[in-house]
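Okay, so here's the structure we're looking at.
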């Protein structure tokens, strides 16, 4: 079935989210919608799915105009959608989730057996291995996503919209999803693939439509280079790599030994972790969301309750201190969710910039605040960090995601630090701000601060890391050099130990038909001992200009042609 | 776990690259789990043992306590049980102390059997002690339980009504108002029509009216649901109080003297000792109560409506993306919940007393709300919790009748103490519908 959008405009008040968008999705096609966060991709798809009513414009299916008053209509017309945030009910079973809204009944009672059979059938056809009676909240996100796809397929979707489907997946799960998308296409389902990740887009798309600020700015093929795509998406040339010198490190700033965090229910969330971070070094923590990284950062700043082990910063024990004492000892912290933990949305930009410093002499006189000083401080920070805001007195919630994040970064880097801990420093941030924030983090490193970055985006890990620590199920799988191949990191993130992923000696690479990126020195892939921070400046000398570190420069077809089959130990 | 599943998927999907088999092995390990050491159960049991020692054992009256299991006229007679109060107090103390020691050694969550044993001994210990202090230390278990069921009836309807609301995501603090207005409507309509069945219908309609106001403000205008509920309770209390004083009281014969609903005794079954009189010798509303619990349970867990209701209460947006009309379903459920709560209101004026009096529900709506939470938003759980509260209330009235020296004010606190202990998580934390209390709007 052919889906055609003509001059679709969607306005929210004065704000135009989509402006005269034209788009045609042909049958048997994976059509990618590429654009930055906030470019209007999701809005457009919500219009298409009947969640929003378009302000003007028409939607046609096979040449006949349609209008949807709700998702029910869109589904009846053969459009299915997998939302970025899964629309699954956590306490329901897979079958209940799939049946919802589309239930079969036998007399008065619900007939889930038919649904179960359909799930098994689809699951078998695509190799999903989904148990219809599993409770959704117990399933890993990759499987939850398949449940979402099954939901659409059960309703006979002819066009499947996937909204940022890879954001929550491991690299391997991502590859598997791309493979599923190809299979679906070959079986006749057209796919609208929304993403801002250039690598995946190039790997799987038949057509790429680029959207910027709500408008279509170009339609290109998958052979377009990453740099061209990025430039189209952002509207100017961007550098996807961060210029950074080799770290020069001596000694140890942060010394973590046996750090363990236990959750309320007795599950060990962070399991006996041991590593060092040197002054002037960035240790980037890679891992799929929910593998202990959050607990690690929170334990370091005293936000976890059941912590054992030790974390010493320049010899001072942090475990057991209160959060305020930890911050005062020279720790800066960027929490992973700025809107809930990083900022007070209704407070002004100026107030948010002194949230952890309001009682310092500079900003307080006895019990009262020095409002003038706070305002002046905000003014200079807004200039220095290029925070785009109408006024320092605007509520911080009115700023864009990127600018909100800059407020957090400005506040945390505004004090003299010994250790800077940042969790997802650029999540939901536009490319321009990512560039800026990355530069500031590297600058902080160059001042001699120990930096610990947690990120689920491998691109970010590669852009910043002097060394990479990989977490899985609360355990540190190993610490590796910054030029470790993406595929090897992906396997460590899925729980394979370092030594099975990375051969111990360079000559083992002869078995490898192209797994390590061109130009990356093989020796650099050697697992670094967890307790040798100086390593970052030594054997694994970082050169950021190599192809291996530019995430976009991987050949697109690598995702389908993985070399891991040859790696059987 | 994730890759253990995903790696199987490469098999059937032809053409996809094969994954190395060892990947699944290496990734099958999940997070390590350790038992959380906790002394809380031991401390709790220790406190109970101490209370038992001081109150049940050392302060026992020394009388023998008789528990009667059969009515005098019953066809089948069970022997009475006679328990000496002081020795039994010591038995309870020793059992609880032993359990406390066991819990201290184990240092983790109590197993279910230990909770049941501790509960049984503490409650019977309390019963033996307090009846032992009375002038006539003899109590009819049948009367105790039958009274409990009667007192629990409005609570069951109230909590079922609340359940229908909350399961679809609307917090219903206004159960009290629905019970009270149901009672009022039943009295007036029942008297005016001269037919208690009309009163029963009017009770449902009256409570639906209250529910409609709740739905209008909570769903249409998205006012804070707790506040709307509290305001409704105060409003209905004031309104019925005013109408009672100005209309009902001066013209009691024409407005406030409804006939009672019939009492039905099911022949054979009612002859079963203890259980018979408790379950099969009931007002019509009592039988409707059993039916309501079964119907609501079936509807909630076995029908399309139930699936959608639970979905809307957990994750309305997900339901919306599947074409379920969230707010329409919520409005229907709130109104339906009102009708069910109204039946509970009718119990006051058509079964219990055949006249309306000011604020006659006396906070039962709040207890029903507690029963709903204690029963974990489950119809059967709500029934059992309501029975527990009904038991506590009935015990209070029976004890004051037996003439116990414990001040009646303290006894009157009993149902509420039980409520607060229950809701404070005596049996573990309960998880309510995730979206309860959150208005749903499309962006």
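Placed from the backbone N, Cα and C atoms, the Cβ positions cover glycine too.
TrEMBL entries are annotated by machine, without manual review.
Among the residue ranges B:87-105, B:258-276, B:315-333, the one that TrEMBL annotates as transmembrane segment is B:87-105. Per-stretch counts of Cβ pairs under 8 Å to the transmembrane segment (B:87-105) identify B:42-60 as the leading one among B:42-60, B:112-132, B:284-301, B:384-404. Most Cβ pairs under 8 A with the transmembrane segment (B:112-132) among the ranges B:42-60, B:138-157, B:197-219, B:284-301, B:360-377 are made by B:42-60. At the 8 Å Cβ cutoff, the transmembrane segment (B:284-301) and the transmembrane segment (B:169-191) share fewer than 3 close pairs (sequence separation 6 or more) and do not count as touching. Long-range neighbours of the transmembrane segment (B:42-60) within the same chain, counting only residues 6 or more positions beyond its ends whose Cβ lies under 8 Å from a Cβ of the stretch, are 85-86, 88-90, 92-93, 96-97, 99-101, 103-104, 107, 118, 122, 125-126, 128-129, 132. Only sequence-distant pairs (6 or more apart) were considered; of these, fewer than three Cβ pairs between the transmembrane segment (B:138-157) and the transmembrane segment (B:226-248) are under 8 A, so the stretches are not in contact.
Count of Cβ pairs under 8 Å against the transmembrane segment (B:197-219): among B:169-191, B:226-248, B:360-377, B:384-404, the largest is for B:169-191. Beyond the transmembrane segment (B:226-248), the same-chain residues lying 6 or more positions past its ends with a Cβ under 8 Å from any Cβ of the stretch are 171-174, 176-177, 180-181, 184, 187-188, 210, 213-214, 217-218, 255-256, 356-359, 365, 437.
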